[in-house]
Amino acid sequence: MVGGSKPLGESVFAVHAVAGAAAISASAVAVYPLDTVKTLLQLGATGQKQKMGLRQVVDRLMAASGPAGFYNGIGWSILGKLPGLGARFGTYELLTAFYKDGREDNYVYYSEAMKAGIAAGAVEAVFCTPFELFKLRNQHPWMLTGSGKPPLPSDVHLPSRVILLEGWGALWRGLRSGIARDCVFGGMFFSTWQFLHTVMLTWKAVNMSPKPRNLEAAGPVPPFASSVAAGFAGAIAAAASHTFDTAKSRSECTVVPKYIAMERKFLKWKAPGTWIERKTGISPADRNVLFRGIGLRTARSGIASFVLVGSYYLAVNHLS
């Protein structure tokens, strides 16, 4: 290192990679307690006429695990978000670069942002699903339910036990609902963020003299404003995709031994429910609980998106 230069200053890729990892970790830690409580609300018994209140959920969590229980499984969460969010934003940037190719102003239309976000969400779901399964089962191991008569082993949240009892296919349980959730989230997030980004650039251009010839010439949006826009977009996307998140959480908490899965495959067992429920992995038994925890997930996603973008800007400025 020469003359006090920063160790990553000359490597653009390294700067953005380290900044991204730091931002993802910071956002995950900041909102993980909200995610833990949200998941417990989603996993309440289907037959309950009255869902548990927030105080009841927190009391139950404290009784089972103590304060540390709010961060059960956070390691799996971060491990999943690192490749997942990298795939989400990487796919989005790749597709929007294709859309912008040949345009003078590098503008991305809202419909294009939505389509790119949908594709990015599908890619993210494939990367994240195995990690989310282990995260969920470590968050609330006492909430796991079994498909079959034998009692569940106490260590069914461990990767080796999951593979031994349920097979390798269990790692992608809930993939259908995960793809539906992340496609809706990605489409709503990026189209909303693009809309807000355009509004902020337009407002900035109006107050400039001389007027820029296009929005790109108006310059970048301030980091804080971009973070707020990301938080707002994340909250809207979370609300729109929440039903699929509940379906995924409840599916991944169901332990299906290998012999049960083999019997279903041999007998050509058809999942119950309507066509849309079968395609998106929603169980008909969960119809009345799909909106549980929507307020917490909306808040969690909004805060996480705000922290993610803000932390990323701060890390890039510090490392560059």
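In case you wondered, yes, glycine gets a Cβ from its N, Cα and C as well.
According to TrEMBL, the repeat 'Solcar' annotation covers 11-98 (among others).
Residues or ranges marked as repeat 'Solcar' by TrEMBL: 108-199 (among others).
Cβ atoms under 8 Å from those of the transmembrane segment (12-34) belong to residues 70-71, 74, 77-78, 81-82, 85-86, 296-297, 299-301, 303-305, 307-312, 315-316, 319-320 of the same chain, restricted to positions at least 6 beyond its ends. The transmembrane segment annotation in TrEMBL covers 12-34.
Broken down by DSSP into helix, strand and coil, the repeat 'Solcar' (108-199) contains 71 helix, 2 strand, 19 coil. In the predicted model, residues of the repeat 'Solcar' (108-199) average a pLDDT of 88.
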